């Protein structure tokens with residue numbers, strides 16, 4: 001019982017730490033956790049199916065040199081000031097000192113209407129994805145999601161602590177009763 005109790009404690013405590021880090025990272029990065037140049041992005045549309053589905057969480061790496069990008073690479077770029085898009089490069093052209101990337105969602109019939117300037121490219125898809133985990137990240141970035149992801153594990157830890165303390169008190173009472181019974185029995189026999 002003690003081993004199960006300790007394992008349960010470690011699992012709940014680890015869950016609280018992980019969820020707290022996800023929430024903090026999500027809040028501080030504007031909704032997308034980033035570590036060492038890698039960012040988790042939620043897939044909001046089906047434009048890249050079957051490569052990754054709506055609701056998936058994909059891992060992208062910050063671009064350090066756009067000249068290394070090739071036709072067929074999947075990139076994340078800023079379509080406008082507030083909209084990040086992840087599509088595949090279908091063509092690359094040079095215009096003066098800049099590269100222009102023609103992109104297309106795998107599930108779209110036609111390429112994107114405007115080419116993407118190298119200045120707007122932010123990251124490259126690493127090939128790693130977690131299906132449906134993007135829904136969780138989106139939930140965590142909302143105020144109610146933040147509250148739930150911090151409060152629920154906290155309540156679980158409090159319930160666990162209450163059960164553990166209650167169990168310890170019952171064990172102490174049982175041992176005290178047994179000791180009193182042994183003391184009475186030994187007093188009566190003398």
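Positions of Cβ are set from backbone N, Cα and C atoms, glycine also.
Range annotated as transmembrane segment by Swiss-Prot, chosen from 143-163, 164-184: 143-163.
There are 12 other CB atoms within 10 A of the CB of residue 45 (active site), with all protein chains counted.
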